[in-house]
Amino acid sequence: MQSCRIKTARRLSSDHCSSSYRSSVTAFVAGDPSYSTGIGGFKGLGPSGSGRVEGTKTMTESGSLWLASNPSKRWGELFFLLYSPFWLTLCLGIIVPYKLYEHFTELEYLLLGLAAAVPAFLIPLVFVGKADTHISLSDRYWVKANIWIIIFSYVGNYFWTHYFFTVLGASYTFPSWKMNNVPHATFLLTHVCFLFYHMASNLTLRRLRHSIADLPQSIQFVSEAAWVLALSYFIAYLETLAISNFPYYDFVDRATMYKVGSLFYAIYFLVSFPMFSRVAEKEGESWDLPRVAVDALGAAMLVTIILDLWRISLGSVIPSLQSDHCIQPGLVWFPGPDRHLQNDSI
């Protein structure tokens, strides 16, 4: 009789745990904002910042060491990652391989940029994730991420593209409407590119931080810096390689651009990856839209300083382009008396 009661108790306990686990997983998959405790109700042990135990709490809140504990951020990151194959397939899987661009005019290039970028705003606005249902539009992570990347990528196109012209020997030769001699389509396509890159960076940085949480601070810093450098260079190199079959974005020396120019391009991400990862990452830390905008502008200013220091100290990566034009004082996008920058902008 005693044995029967023990077996019954064990079975009831097992059923309760299984039910609790299923409920927790269901809540996580659905993006339920109320799902903030661990699986089965476990909330973790020890004070905040106490190493491995606190890291376990964060893992169970999101269900993964890769995903954010903030439900809105988790949903936003996954949305941008899942959306990326759409525009990647459109550009690199259809238009470039089949050379549809040969029939494009200024209008078609602009429409391509809009087709890639607009859904990044429209889809989460229309199809609201469960995690965002009960919070205001300005508090949703996808809004903050879009604003941060809009600012950063706009500065990158409007100003930094001229470093590509001067330092890397790049040129756009496809028909396009331009602003400051930069095609409008590139402003739009850069936005979705950078969203994809920064979401991938967020996930990998978060996973790395969990892995090294118990190491000394100095080792954590070096490990994270090394990873950011490696990821930045890899993405810069991969993008250059991915668009190599598009003949109307050309370089004077493509081989040098792959090796050295990719390092120059990687400067963007050396700054932006760790800074962007901070947005809405820690619970209880306020990230209103003004702070998001100021943070993006700060990152953009730091990149601008580093790029210009490269220009005036190292000059062009292409020996044939080394000239007074590249190293003279001032800013690369301001034509001086000895500069002959073509500017077709309106």
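Heads up, the Cβ atoms here are built off N, Cα and C, so glycines get one too.
What TrEMBL says about this protein:
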TRANSMEM  78-98  transmembrane segment
TRANSMEM  110-129  transmembrane segment
TRANSMEM  141-161  transmembrane segment
TRANSMEM  181-200  transmembrane segment
TRANSMEM  221-243  transmembrane segment
TRANSMEM  263-280  transmembrane segment
TRANSMEM  292-312  transmembrane segment
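By the Cβ criterion (distance under 8 Å, sequence gap of 6 or more), the transmembrane segment (141-161) is counted as touching the transmembrane segment (263-280), at least 3 such pairs being found. Sequence-distant contacts of the transmembrane segment (292-312), counting only residues of its own chain at least 6 positions beyond either end whose CB sits under 8 Å from a CB of the stretch, comprise 144, 147-152, 155-156, 159-160, 163, 166-167, 264, 267-268, 271-272, 275-276, 278-279, 326-327, 329, 331-332. Remote same-chain residues near the transmembrane segment (221-243) are listed as 92, 96, 193, 197, 200-201, 204-205, 208-209, 212, 215, 249, 257-258, 261-263, 265-270, 273-274 (criterion: CB distance under 8 Å, separation of at least six residues from the stretch ends). Residues 67, 112, 115-116, 119-120, 123-124, 129, 142, 145, 189, 192, 195-196, 199-200, 203, 242-243, 245-246 of the same chain, all 6+ positions outside the transmembrane segment (78-98), place their C-beta atoms under 8 angstroms from a C-beta of that stretch.
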